[in-house]
């Protein structure tokens with residue numbers, strides 16, 4: 001009988017370059033993140049869309065950074081209701097319908113994060129009470145985690161019929177398009193920190209004392225466009241001189257054209273030494289000093305107590321930080337490129353004081369660490385050696401235990 005065929009060993013299909021490829025991708029991603037400056041200005045467009053009709057309620061574009069481009073968005077409630085909303089006659093087709101919409105409270109429920117029991121699009125994500133996170137109602141709905149707040153604008157309720165000024169220009173209180181239900185959308189702190197890579201949806205319902213509250217849905221989208229091709233930024237000519245200045249060249253006195261008469265003292269004309277070129281530190285300090293002079297002439301009230309800072313990364317903006325309770329800017333910039341200024345001028349000792357504080361912090365940090373952590377940071381091979389020795393000892397101990405168990409068994 002023919003025996004079974006001998007099985008061939010499986011070929012290792014592991015790519016030997018796999019770890020290196022993954023490491024390269026991670027390094028490239030890390031470099032791209034570091035080069036992405038938070039001060040980069042882009043063209044940011046926010047768009048509010050009525051998902052029931054597909055019409056745009058608001059489209060606001062502005063130039064700003066990704067951390068600051070969060071404007072207030074203004075639109076009208078009728079942009080979300082439409083001309084005919086439900087079978088009861090609610091809608092914004094007529095001036096009377098627009099005026100009637102002003103008498104209702106409304107509440108908003110998030111569709112990007114739907115809590116349990118809040119339903120789906122049909123219920124406007126407001127399937128039960130407690131799902132609402134914002135709105136304009138007598139119970140003042142609010143939330144600490146939602147991304148936006150939506151409130152009514154400043155139009156008084158006694159404005160009168162909402163006539164279109166292009167049709168009824170002689171009617172008191174007429175507005176362009178008959179818009180008399182202004183809404184104001186603002187971003188919360190959570191909204192400023194959230195990711196807006198995809199549209200986010202909310203449901204809005206009018207509150208009625210009887211019957212079912214009508215539903216509409218809207219989305220909020222952010223579109224980011226580059227303001228133009230990025231020109232490669234070379235080295236700053238101000239900071240090219242990074243090496244210490246060389247010693248001044250010894251100037252030799254000019255040789256007299258004719259020898260002096262016997263017994264007369266030789267007269268050597270005095271020559272002025274060549275002017276020394278300012279170093280990189282002096283040039284950077286002159287930039288900050290120039291910014292201070294410009295501020296002192298244009299807005300002297302802004303420099304009563306302020307920090308002038310140079311940002312080290314592109315696009316090389318020069319920032320003016322005014323002291324206040326807004327944010328600890330010196331900690332954010334690691335206190336390495338800030339100079340204190342007031343009406344007396346730029347304090348040139350600020351950098352030395354900051355370096356001293358940084359040195360003290362570093363010493364305090366090193367003193368608070370244990371001896372093992374400090375040794376491992378100073379000598380990376382020490383950690384590798386300890387790990388190898390400990391691993392060998394553990395293996396020997398296991399083998400010894402196994403040998404003793406075998407002998408006694």
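In case you wondered, yes, glycine gets a Cβ from its N, Cα and C as well.
Per Swiss-Prot, the residue from the list 58, 377 bearing the note N-linked glycosylation site is 58.
When the ranges 183-231, 232-280 are checked against Swiss-Prot, the one recorded as region 'Disordered' is 232-280. In this structure the alpha carbons, written CA, of residue 43 (N-linked glycosylation site) and residue 296 (N-linked glycosylation site) are 32 Å apart. Separation of the C-alpha atoms of residue 296 (N-linked glycosylation site) and residue 58 (N-linked glycosylation site): 41 Å, rounded to the nearest whole number. Mapped onto DSSP helix, strand and coil, the topological domain 'Intravirion' (406-409) counts 3 helix, 0 strand, 1 coil.
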